[in-house]
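Student: Here's a structure for you.
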Amino acid sequence: MGLLDDLQTNILIGDGAMGTLLYSYGIDRCFEELNLSNREQILRIHQAYIEAGANVIQTNTYGANYVKLARYGLEDEVKKINEAAVQIAKEAAKDRAYILGTIGGLRTLNKNTLTIDEIKRTFREQLYALLHSDVDGLLLETYYDLEELTTVLAIARKETDKPIIAHVSLHEVGVLQDGTHVSEALKQLEALGADVVGLNCRLGPYHMLRSLEEVPLPTSAFLSVYPNASLPEYRDGRLVYETNPGYFKETALSFREQGARLIGGCCGTTPKHIAAIAEALRGLKPIVHKQVKQQKEAIVVQEPPYESDPPLHEIVRKRRSVIVELDPPKKLGIQKFLAGAKALHEVGIDSLTLADNSLATPRISNVALGTIIKEKFGIRPLIHITCRDRNLIGLQSHLMGLHTLGMNHVLAVTGDPSKIGDFPGATSVYDLSSFDLIQLIRQFNEGLSYSGKPLGQKTNFSIAAAFNPNVRHLDKAVQRLEKKIQCGAHYFISQPLYCEKQIEQVYEATKHLSAPIYIGIMPLTSARNADFLHHEVPGITLSDDIRARMAACANDPLQSAREGIAIAKSLIDAAFELFNGIYLITPFLRYEMTVELANYIYEKARAERKLSNV
Ligand SMILES: Cc1cc2nc3c(=O)[nH]c(=O)nc-3n(C[C@H](O)[C@H](O)[C@H](O)COP(=O)(O)OP(=O)(O)OC[C@H]3O[C@@H](n4cnc5c(N)ncnc54)[C@H](O)[C@@H]3O)c2cc1C
Ligand code: MET
Ligand SMILES: [Zn+2]
């Protein structure tokens with residue numbers, strides 16, 4: 001009898017964890033390589049699961065693919081490792097258990113870590129190695145990303161008639177990380193030809209049961225479930241799971257009631273857990289009807305709080321607008337910063353933009369300073385948010401905090417990497433790219449968290465994104481802007497430009513875009529400053545004329561500042577012709593320079609209005 005015939009009438013018991021079991025023995029290396037160097041160990045684990053009652057075991061090949069093996073320099077061993085795994089599983093099974101060739105998912109939270117093409121290539125290689133070794137079926141497991149799983153499942157289905165079991169891993173009860181409901185995901189897998197569809201990993205039995213309650217019995221497939229032993233705990237630097245085989249006995253019965261026909265275990269489970277499941281289900285047949293719990297009614301999401309002021313992206317479409325960056329200080333003490341904020345506010349700028357640890361160097365929190373200047377002066381703060389310092393939890397909490405403080409203007413950037421800053425050893429998180437962060441904020445504006453869970457209220461963020469025109473191929477940078485607009489960016493703020501001609505080129509290359517741009521202008525402060533930007537900041541090129549002008553006032557700080565301002569004014573003249581928005585960057589907290597430049601722009605704007613009224 002084959003696996004699928006067996007499942008027609010019986011509940012089958014799967015095996016439990018391989019990785020966490022090896023880890024609990026103190027092994028902390030490439031688990032799949034053990035198929036070659038320590039086959040006895042893997043054999044013993046398979047045998048222990050079969051003796052515990054598993055009818056279906058999986059090969060030790062969860063991460064035996066090009067991408068994961070390459071981390072150990074084993075990328076050329078894909079075929080050998082997979083073939084050895086199947087041989088070990090066969091030796092253990094001796095026809096007492098079906099053997100599934102396991103292929104694990106690769107994408108976690110950040111889709112950008114691997115393209116679909118890379119996924120297809122690495123999947124195919126492992127798939128052929130397993131099929132070639134004649135497994136009884138395939139287990140595609142631990143897929144957080146539905147796009148990845150549907151892609152690889154379609155490939156596998158084309159290549160083999162053998163049973164395919166396809167498992168998603170849930171982000172939280174009932175939903176995948178992109179917000180898709182579990183029943184919708186399993187329906188898609190069934191439609192693509194999976195013979196068994198289900199869940200594994202990440203959640204323990206309790207949350208998996210809550211998830212399965214909302215899943216109807218598949219019509220042309222069977223249902224499977226491989227829960228983790230529990231939620232993990234971080235103890236003495238290691239992830240550990242509760243040892244609770246007795247509890248698994250009870251939950252196995254509940255899984256059967258939810259319609260599962262293949263029941264095993266994932267991380268933290270051991271042969272004892274499998275023995276408990278086998279004992280609980282001995283002699284029991286699968287259920288054939290199920291009462292499905294209604295999915296919760298969609299919660300009514302409150303509209304965002306009313307805003308009397310229009311957001312910057314609307315302002316800059318309609319009229320001249322100046323925003324100014326004033327960096328939070330690197331040292332404690334904010335007198336000078338506050339004096340600058342006040343002076344700039346008095347000139348009438350539309351917003352003060354506050355960088356997020358720019359150049360990867362710690363500065364006073366921009367939210368703290370934003371709160372103070374908003375309350376003290378009524379300034380509209382624009383908070384830069386990088387993906388470098390906060391993981392997906394931190395970013396979402398940060399956004400909720402900003403919303404709560406009524407700070408609705410944000411600039412979503414990747415962030416300069418830690419290694420260029422004062423703490424080069426610090427981790428650069430990058431759970432999200434700038435594109436993902438923009439999308440996340442847009443989703444917040446729809447009232448949904450990253451996983452699609454209702455936030456109870458829509459946020460009202462006006463989303464700025466960064467534009468770096470100082471690149472060799474401006475067309476590529478513009479393509480990034482187009483993508484950022486698709487992700488939800490409302491407008492752009494550019495890096496500083498130092499050449500009138502470049503401003504024109506930028507205008508020509510971006511005039512088709514639907515989102516307005518604030519053009520960056522930063523006054524030079526000295527010849528040294530000019531040389532540094534020209535020679536050391538990638539992409540920034542100063543014209544010979546500008547460098548010569550700064551060099552001419554080399555050592556005189558006052559004269560240099562005057563010249564820096566004069567140059568900035570001519571750049572402003574060029575930008576003013578073509579763009580409504582100017583973004584002034586205050587160098588080294590020297591706000592008197594940006595105050596003067598903001599005044600200059602407003603005078604030009606007044607003159608322009610007068611002229612148009614004549
Ligand atoms: C207005 C503004 C404010 C900023 N504020 C901060 C801040 O507060 N804190 C901070 O740490 N950093 C800040 N930065 C720096 C920013 O994080 C990096 O310069 C960033 O790489 C560019 O913006 P982004 O993150 O949106 O880049 P993305 O467009 O997401 O680009 C990310 C990476 O992709 C690559 N890339 C970009 N364009 C191209 C291209 N045309 N071709 C090929 N590859 C490309 C680059 O390697 C780049 O680093 C700011 C930048 C700007 C323009
Ligand atoms: C990370 S999910 C678990 C994968 C595999 N089934 C193992 O137990 O090692
Ligand atoms: Zn797992």
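Just so you know, glycine gets a Cβ as well, placed from its N, Cα and C.
All annotation found in TrEMBL is predicted automatically rather than curated by experts.
TrEMBL lists CYS201, CYS266, CYS267 with the feature Zn(2+) binding site. The domain 'Hcy-binding' annotation in TrEMBL covers 1-281.
What's the neighbourhood like for each of these?
Tutor: A simple way to gauge crowding: the CB of CYS267 (Zn(2+) binding site) has 24 other CB atoms within 10 angstroms, across all the protein chains here.
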Student: List nothing but the one residue from CYS201, CYS266 whose Cβ has the fewest other Cβ atoms within 10 Å; the candidates are the binding-site residues.
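Tutor: Sparsest of the binding-site residues CYS201, CYS266 by Cβ contacts within 10 Å: CYS201.
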Student: Around the recorded Zn(2+) site, report the further residues of that chain (criterion: Cβ within 8 Å of the mean position of the Cβ atoms of CYS201, CYS266, CYS267; site residues excluded), sequence-ordered.
Tutor: ALA17, THR20, THR142, SER169, ASN200, ARG202, TYR226, PRO227, ASN228, GLY265, GLY268, THR269
